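Some features that Swiss-Prot has for this protein:
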| type | residues | note |
| --- | --- | --- |
| DOMAIN | 5-122 | domain 'MTTase N-terminal' |
| BINDING | CYS14, CYS51, CYS85 | [4Fe-4S] cluster 1 binding site |
| DOMAIN | 145-377 | domain 'Radical SAM core' |
| BINDING | CYS159, CYS163, CYS166 | [4Fe-4S] cluster 2 binding site |
| DOMAIN | 380-443 | domain 'TRAM' |
Amino acid sequence: MSTIKKLYIKTWGCQMNEYDSSKMADLLESTHGYQLTDVAEEADILLLNTCSIREKAQEKVFHQLGRWKNLKDTNPDLIIGVGGCVASQEGDFIRQRAQCVDIIFGPQTLHRLPEMINQVKGTRSPVVDISFPEIEKFDRLPEPRAEGPSAFVSIMEGCNKYCTFCVVPYTRGEEVSRPCDDVLFEIAQLAAQGVREVNLLGQNVNAYRGATYDGDICSFAELIRLVAAIDGIDRIRFTTSHPIEFTDDIIAVYEDTPELVSFLHLPVQSGSDRILTLMKRAHTALEYKSIIRKLRKARPDILISSDFIIGFPGETQDDFEKTMKLIADVNFDMSYSFIYSARPGTPAADLPDDVSEEEKKQRLYLLQQRINQQAMSYSRAMLGSVQRILVEGTSRKNVMELSGRTENNRVVNFEGQPDMIGKFVDVEIVDVYANSLRGKVIRTEDQMDLRIHESPESVIARTRKEDEIGVGTYQP
């Protein structure tokens, strides 16, 4: 009797990495029959999907590999692979420091994992592939599998902006968009499996320019409308965006596409024009605020979250106060803030890191305190309002209750029926807590007027097909 082969994946970093890890698991199950396990000690393959955004990312990788080396010492047949952005950045240097590693692959070569594994098994020699083969990886991945009512779908890879603090262009390459029909096909497959909410992923999604079947180009604004037209997809999110490409055509989608949530994450990083110039962000604080004004005109109830880097080289107290003023002017909702630390290989790493750690921590505390106050104010303002939530499952705190999320990402716990899971309900917010809300159901999905346009099956049927020699046909 054959034993089940097991795969363990440890993932650090962004939602793109989470998406990539899920695709690795699906791919290796389809090609080799590997089943995911949560226990590293029982796995036949260990994969580490790394992130290079945080401080000391490389050292974190080697500490983890040191722990895994002990497992390989007791099981020489164990295969260890390192992927993600640190792998892309460091390449064979990882092997030099951690000879227990068999496979090193980048974000753009994860689709080649089956061949890499076969090569290691056959020759026991290590494999390194951190190339950037355009968008090839999406052509080689298995069909998507829904895991709950929400799903992430990658629409593009890479970034061309080259902000001075960021490693993404060097680790994930420049911007490459997936063909429009491929994206719609994947989302239609997910919708047919019961997915109700999709989060469109990319390092800079508003730069999306996807080829269509007839040789035209689909913009990001057009893509959102096409996704919204797929029956069952009644909530659309996207992340992440860059202000300089948040164009008026994207803002216009907020006027006519109710499936697009009234919540936007739009990183600004600093409120000081001088620091924004040093960061090579290519916009001013005033230009950022102009985008927000247009958005609020198109969608008055929209909430905005952002990213902030504290203590960038050369940041003075005046620069920081300008950031705090921007936070007050925009009145941001929940946001992410980080103390600056240099990323090797980035232009900012050559700048003198002249803000003391003590000063960075003090500024971070003040900023987070302000953001938390504003976010709590938004939560309190929701008391007594009616919110549409997507029911994700049972509540973490009480299995006799259900839990879901509002458009602005608040967790709402409420009493409901099990058949509500995976559907939308309207609830009245009756209590507000620090990390969640409490609601009372006032309307179920069958009482809603959700738009119906095109069935997932129809989208799947009209997707471009290729014959044995690669000639494409399209069925309108």
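The backbone N, Cα and C atoms fix where each Cβ goes, glycine too.
If you measure from the Cα atom of CYS14 ([4Fe-4S] cluster 1 binding site) to that of CYS163 ([4Fe-4S] cluster 2 binding site), you get 18 Å. Here the domain 'TRAM' (380-443) is broken down by DSSP into helix, strand and coil counts: 5 helix, 33 strand, 26 coil. Each residue contributes its Cα atom, and for CYS166 ([4Fe-4S] cluster 2 binding site) and CYS85 ([4Fe-4S] cluster 1 binding site) those atoms are 12 Å apart.
Taken residue by residue with DSSP, CYS85 ([4Fe-4S] cluster 1 binding site) is part of a helix. Summary of the [4Fe-4S] cluster 2 site environment: with the site residues CYS159, CYS163, CYS166 set aside, the chain residues having Cβ atoms within 8 Å of the Cβ mean position are LYS161, TYR162, PHE165, VAL167, VAL168, PRO169, GLN203. Between the C-alpha atoms of CYS51 ([4Fe-4S] cluster 1 binding site) and CYS159 ([4Fe-4S] cluster 2 binding site), the distance comes to 16 Å. When the Cα atoms are compared, CYS163 ([4Fe-4S] cluster 2 binding site) and CYS85 ([4Fe-4S] cluster 1 binding site) turn out to be 16 Å apart. Separating the Cα atoms of CYS85 ([4Fe-4S] cluster 1 binding site) and CYS159 ([4Fe-4S] cluster 2 binding site) is a whole-number distance of 13 Å. The helix, strand and coil residue counts that DSSP assigns across the domain 'MTTase N-terminal' (5-122) are 64 helix, 22 strand, 32 coil. Other residues of the chain with a Cβ within 8 Å of the Cβ centroid of CYS14, CYS51, CYS85, the [4Fe-4S] cluster 1 site, are TRP12, GLY13, MET16, ASN17, THR50, SER52, ILE53, GLY84, THR171.
Within the same chain, the residues at least 6 positions away from CYS159 ([4Fe-4S] cluster 2 binding site) whose Cβ sits under 8 Å from its Cβ are CYS166, VAL168, PRO169, ARG172, GLU174, GLU175, GLN203, ASN204, ALA207, HIS242, listed in sequence order. Each of the binding-site residues CYS51, CYS85, CYS163 was scored by the number of other CB atoms within 10 Å of its CB, and the largest score is that of CYS85.
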